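J.: Quick paste from TrEMBL:
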{"type": "DOMAIN", "residues": "A:47-142", "note": "domain 'Cyclin-like'"}
{"type": "DOMAIN", "residues": "A:193-264", "note": "domain 'Cyclin-like'"}
Amino acid sequence: MATDFWASSHYKRWIVDRATLKQARADDVLYVAEPEHLGFFQIYFANLISKLGKKLQLRQRVISTAIVFFHRFYLKNSYCETDPYLVLSACCYVAAKAEESPVHIKNVVSESRTLFSQQGPGKPTFPSDNSKLAEMEFYLVDDLECDLVVFHPYRTLLALCRKDAEVEAEAGELGTGIGAEDGPKYWGSGRGKLELSEGALQTAWFIINDTYRSQLCLLYPPHLIAISAIYLTLVLHTPTQNTIFDETTTRRQDPVAFLADLNVSLSVVSTISQEIIALYSLWSRYKEEPGAQSAGATPGAGTGTASGGPEWRFGYGHTITPLILPMLLKRMREQKLSDMMHPSSGRPVAVNKMLERTQAAG
Amino acid sequence: MYGVPQMPLHTPPLPLPAAQTIPSLPERPLHSLPPHPYLPMGNLPPPSPASEQKLTSKEPSPSLQVDESSLITPSPAFGAVPTPPASRPELYSIVGQVGEGTFGKVYKARNTINNVHVALKRIRMESERDGFPVTAMREIKLLQSLRHDNVVRLYEMMVSSGSVYMVFEYMDHDLTGVLSQTQFQFSEAHLKSLCHQMFRGLAYLHHKGVIHRDIKGSNILINNQGELKLADFGLARFYQKRRRADYTNRVITLWYRPPELLFGATVYGPEVDIWSAGCIMLELYTKKPVFQGNDEISQLEVIYKIVGTPTLQRWSGFANLPWYELVKPKDPIPNRFRELFRKWMSPAALDLAERLLDYDPARRVTAAQAMEAPYFLTDEPKPEKPTSLATLEGEWHELEAKRERAKKKKRE
């Protein structure tokens, strides 16, 4: 059932290079004080999708799909010219449908309204009207070019590291990525399986969840992200470290040989790992205020993220709380709006393309 | 455009005529989308350099002038970046309606650049209170992941005036239509080929983990090259090969619905398609649907009259099905299948049909097994594609056949 990743729209259309990512933010970067704020926005929005998804009782894979949709949408649009809250709500709604666990539009609207009303100063006004969300959904599907199949690293992780190789596909799961049966084709002999303990597997899973707070899913194919997560787990998960160096265990595994056996570019894997570490470094400066400690950044509480533990402090520099982000966003959008109305050239900007062309035609 | 080698976003069905100059185009009329609601100032961003590039690399505009009222323009946003409306070619010109899908009308249209015909299936959005219909989303996802000679090909998706269109390869006929006409007589070899192609398509779907759930004459398309393709995946679903999940039993058009669904089963697999395929196989020979019930109960009775009533020997699990007490047969009826169909079909064909219409889903043959049946391998004549269909006048779809019938009735 593994639909071929290499033939998919995910691989052909939605793996992009860094220049494209930069170009996509070209407009936004003019309206933020620090370019790194854009990175905080990514964390902030991904966390919101995660929270909204949990309220709607979506499974992790559905939430991840929603975040991928969000990132893809903002390859073509700017934060300052859109309403990211409406967009992320639509992402959850579409992802739920695309992954065969549909939720009612009314629930999405009401949960979104509740969630967004807790966003403090600068909080968005979310339309109470279902049709606004339905309309947004239409534009979202349009900008996604109807490419609704998303592949995720989870399946590769399970295929490589779970004891029972049986990787069960969930109902409606199409974007399953590269499964166990494709093993030899993608990572060598396939005999080099690395059994991880339940705890280590969990850690790797959480690292994968965390990668969606960055744009890694737009840069690299999911199986490489999975392998990077395994690599980081081997380095960071203390109990696993101990078993590797424990001479007395009967079933010793050689993780170095395992990684070397894989039919993938290890230098790309190490680049991805660096990126993940850079994400943690940024994230460690992003502090949810103590009162509102929730889904996004609590490690190991079953909420599915791996950051924040004491040995995981990569960060330095000043911290930022998500409280100020809605304010920042609001200011960005206001400035953008005023710039559109009073451009530096002094000539009013055309309200729409049609008018602009009419003007150009004299 | 994302710096990765990739296919063009929307491959046109055929290579475009090379080297065209791009004339300045008329204003894009009528069909522009309403302003994006998420743009607070109702203003499109100026095209980025990337989009400029995109424009020139996209299909050169046709120098044809076509009647604008019947034209459909692909959405600007489908070109990966909002494309300035002025430069959009009018890509498809509608020729006429050819069918009615699960969620919208199907039109025949002509690509104004390369003159290739396509089928446009319109997904109506305005009537959907829940936004984009989940069935449409399912069909899009499924078709994007399927690629087979016997499955209808989805070329691309397109947005125009608030509707989403699926752009399919055009097929001249559907099975219901082509069986209802009398000009062209199918030979035994033709029928065998059609049957074989249907099983090839089904074997592929089932291998991919897809149950079609609406196999019927109007969803089986045939072109003038004698190729058969399965279409309309509005009810199709992925299923799990290892673990059987609960699904709705309100699927498959009544006449093609297998007995286990009529008995209320909600746990089922690809065998449901095989029953439908068995009905189609008989229909190929008899030219009309064989089990024509009016409702669920009468559907079962019609089936009983032909293949007899189920017994525990024939179908061990049938007494455990949800509606058994409600719909169980009152009196035993003998199986008259072979004597009824002997005049139409060879013994090898009857053998296969019997294995397709097995009451017990667990014993019903799979599509892959059916392709290995003696009917295809050893029985004469060998399958042969009805390529001479090209000589057939007109195009035959269920829709036209219906209209024809309605006309006849009026005259009488």
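Every residue gets a Cβ built from N, Cα and C, even glycine.
A TrEMBL annotation is a machine prediction, not a hand-curated record.
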J.: Can you break down the domain 'Cyclin-like' (A:47-142) into helix, strand and coil residue counts using DSSP?
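T.: Its residues divide into 67 helix, 0 strand, 29 coil.
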J.: Give the residue counts of the domain 'Cyclin-like' (A:193-264) per reduced DSSP state, in the order helix, strand, coil.
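T.: Output for the domain 'Cyclin-like' (A:193-264) reads 48 helix, 0 strand, 24 coil.
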J.: Averaged over the domain 'Cyclin-like' (A:47-142), what pLDDT does the prediction give?
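T.: In the predicted model, the domain 'Cyclin-like' (A:47-142) has a mean pLDDT of 91.
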